[in-house]
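Peer 1: Before I ask anything, here is the structure I am working with.
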Amino acid sequence: MSEGNAAGEPSAPGGPRPLLSGARGLIGRRPAPPLTPGRLPSIRSRDLTLGGVKKKTFTPNIISRKIKEEPKEEVTVKKEKRERDRDRQRDSHGRGRGRPEVIQSHSIFEQGPAEMMKKKGNWDKTVDMSDVGPSHIINIKKEKRETDEETKQILRMLEKDDFIDDPGLRNDIRNMPVQLPLAHSGWLFKEENEETDVKPRLAGPKEEDMEVDMPAVKVKEEPRDEDEEAKMKAPLRAARKIPGLPKDVSVAELLRELSLTQEEELLFLQLPDSLPGQPPTQDIKPIKTEVQSEDGQMVVIKQEKDREARLAENTCTLADLTEGQVGKLLIRKSGKVQLLLGKVTLDVTMGTTCSFLQELVSVGLGDSRTGDMTVLGHIKHKLVCSPNFESLLDHRHR
């Protein structure tokens with residue numbers, strides 16, 4: 001670019017620049033443009049230091065007071081609620097919504113006592129893993145799924161009913177019935193042994209024996225009979241006897257033992273409600289009832305009993321049987337026992353054993369509501385008689 005002189009004529013290139021009287025050169029700044037005649041310079045000069053270094057101004061450092069702000073709990077709670085709502089909205093949309101999630105928690109004592117694990121450092125230095133902290137990788141044990149056959153086998157085992165596995169049904173020896181006198185039941189008082197243990201005296205300081213003149217008296221012992229010695233030893237043996245659990249015997253064995261022993265024993269025999277036999281004859285009279293008719297006259301109507309009532313009266317019970325022999329007991333070779341009542345056969349089986357005392361008592365009541373009770377004996381065994389359906393069907397077809 002060529003610059004003009006004060007007269008406005010262009011100067012030759014390389015010529016000397018004219019010096020202005022009012023201008024002063026500043027280091028690092030370009031000279032102001034020459035003043036043209038007829039135009040005044042602007043009051044506010046333009047900032048021509050665009051490419052230069054700005055002048056630094058001093059500003060004092062004021063230390064601000066720090067105020068500890070309390071954590072805002074409400075904001076965090078609101079944020080958590082918003083996040084939960086978003087997660088619920090995400091889970092509720094799309095396929096597979098409502099899937100159960102497994103939350104696995106871990107602690108520092110979950111793996112139990114174990115040796116301290118050591119990890120090698122960069123410079124062959126052992127570092128304890130306890131300082132590092134528990135690992136966040138947890139091995140979740142996968143449960144083995146059962147197959148259809150295994151589940152069916154478990155159901156079969158649960159549905160079994162061919163065994164008794166209830167410890168409460170077993171008879172306890174401590175709950176045995178008490179029978180008087182105690183010699184029959186086996187529970188007797190424990191007698192202390194009268195024989196004293198003779199211990200040798202320890203050797204102590206010698207004492208002077210006192211001389212006492214005692215008259216020497218000798219008693220002649222007579223020899224005892226063997227029967228007396230056996231009687232003396234018998235109660236001691238009976239006192240040490242402890243009753244055992246009742247033995248499970250069949251009906252055939254029980255009847256054989258009763259036939260061989262000389263002692264008499266009472267048996268509890270359970271029979272059906274209706275027994276084969278001739279019911280007692282009763283005069284059936286019709287029931288007369290008086291009914292008032294519309295005309296005001298009394299009419300007598302005869303009513304007969306229903307069929308069910310007549311059948312109930314025609315049944316034979318144990319009270320209707322006559323005294324004496326009722327039936328016969330048959331013991332088969334197989335061990336099966338049957339009771340024959342006329343043409344009807346009843347199967348005889350053992351009843352459930354009771355762990356409490358059962359006694360047969362005869363009660364006699366008088367006219368003045370007073371009476372006597374007599375204990376006839378102790379009942380140990382129970383027999384149940386049930387009808388044999390095979391013989392009933394055979395008799396029906398004939």
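Every residue, even glycine, has its Cβ placed from backbone N, Cα and C.
Taken from Swiss-Prot, the feature compositional bias 'Basic and acidic residues' applies to 66-100. Annotation source Swiss-Prot lists SUMO2 cross-link at K68, K78, K141, K152, K160, K190, K199, K206, K220, K285, K302. What Swiss-Prot lists as N-acetylserine is S2. For S42, the entry in Swiss-Prot reads phosphoserine. The omega-N-methylarginine annotation in Swiss-Prot covers R95, R97, R99. Look at Swiss-Prot and you will find 1-105 tagged as region 'Disordered'.
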Peer 1: Mind giving me a neighbour count for K152 (SUMO2 cross-link)? Other Cβ atoms within 10 Å of its Cβ, every protein chain shown.
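Peer 2: The answer is 11.
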Peer 1: Please report how many Å separate the Cα atom of K152 (SUMO2 cross-link) from that of K160 (SUMO2 cross-link), as a whole number.
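Peer 2: Rounded to a whole number, the Cα-Cα distance is 13 Å.
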Peer 1: Other than its own, how many Cβ atoms are within 10 Å of the Cβ belonging to K160 (SUMO2 cross-link)?
Peer 2: 8
Peer 1: Output, ordered by sequence, the same-chain residues six or more apart from K68 (SUMO2 cross-link) with a CB under 8 Å from its CB, or 'none'.
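Peer 2: Result: none.
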Peer 1: For K68 (SUMO2 cross-link), what is the secondary structure state per DSSP, taken as helix, strand or coil?
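Peer 2: Going by the DSSP assignment, K68 (SUMO2 cross-link) belongs to neither helix nor strand, so it counts as coil.
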Peer 1: Give the three-state DSSP assignment (helix, strand or coil) for K152 (SUMO2 cross-link).
Peer 2: helix
